[in-house]
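Chemist: My questions will all concern the structure given below.
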Amino acid sequence: MENHESTGGQCGSCTNCYNATTNSCFVGWTQDQCNSTWCGTGGGNPPPSPPPSPSPSPPPPPSSKSPSSNPPPPSGGSGLAKILPKSLYQQTFPNALPIYAYENLLSNAAKYPTFANSGDFDVDRREVAAFLGHAAHETGNLQFVEEINNGDYCEVSDLYPCAAGQRYYGRGAIQLSWNYNYKDFGDSIGQNLVSNPSLVASDGNLVWLSAMWFWNTDRGNGIIHDVVGQPGGFPKATDIINGDLECGLHPPKPDSEDVRIASFVKYCQLVGVSPGGNLSCQTVAYGLKPSNASTSKRE
């Protein structure tokens, strides 16, 4: 039924179908029947309904970890990790024994915070190159963890005993040798290595920690870490490690130093630093070694 009741403007009091041409309100119509302006039942022309908003995603569950503004620090000495990333280590030593794990190298280097962390990038790179060079030379590119010549290496004294049935030949990345070195290294970490020297070759931490300890400890003839990265420091390091065998005039094993130097130069190239000059310790500065000099390792 049409109602031609006048309205006071568009919709006005019309609560149904409003025809603006005739200014009339048609009541009793449904919205589908209205071909004019639908004013609904509450008056006015309601705006079209907005499209439904997508349902918001539920918030993620609260994290079980405490928020942190800084990423976790790398596991190991930052200098060493920067100079020798894991990919380069694996590329350099593809056949390394599993016991020489990269992560253990980093974590044990971190126990000596100044290792490869002097702040002088060239010095730090030379130190890393020297460490790798000596380790590669001593272990056949990390393919051996024990010295092939398994002598007893026992020099008994009141301070440095030897345990019955034990031998103190080279073990680990720098081939720690002699009962006195096993004694002092063991004391530094709270373990009895005089009675259990084989731990240095069977523990994934000790293979590296023994090398880091020897590298950073004064054994009466200097500290490798203090000299090796400096100009002219490599021959001093060789003298500390194996001087009686390789250094001075006429040492018993002159060719061994050649291999050691070549290894150092190789790893300097690997980490992008000049090895410098004066790499040999077979000079008068390192003493005159008689032809029958002792073949005892200092390490």
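Heads up, the Cβ atoms here are built off N, Cα and C, so glycines get one too.
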Chemist: So, in TrEMBL, which cysteine from Cys247, Cys268 is disulfide-paired with Cys281?
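Modeler: That record, TrEMBL, gives the partner as Cys247.
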Chemist: Please work out, from what TrEMBL records, which of Cys162, Cys268 forms the disulfide with Cys154.
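Modeler: Out of the candidates Cys162, Cys268, the one TrEMBL links to Cys154 is Cys162.
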Chemist: Across all the protein chains here, work out how many other Cβ atoms are within 10 Å of the Cβ of Cys162 (disulfide bond).
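Modeler: Around the Cβ of Cys162 (disulfide bond), 22 other Cβ atoms lie within 10 Å.
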Chemist: When the Cα of Cys281 (disulfide bond) is compared with the Cα of each of the recorded positions Glu138, Cys154, Cys162, which one is closest?
Modeler: Glu138
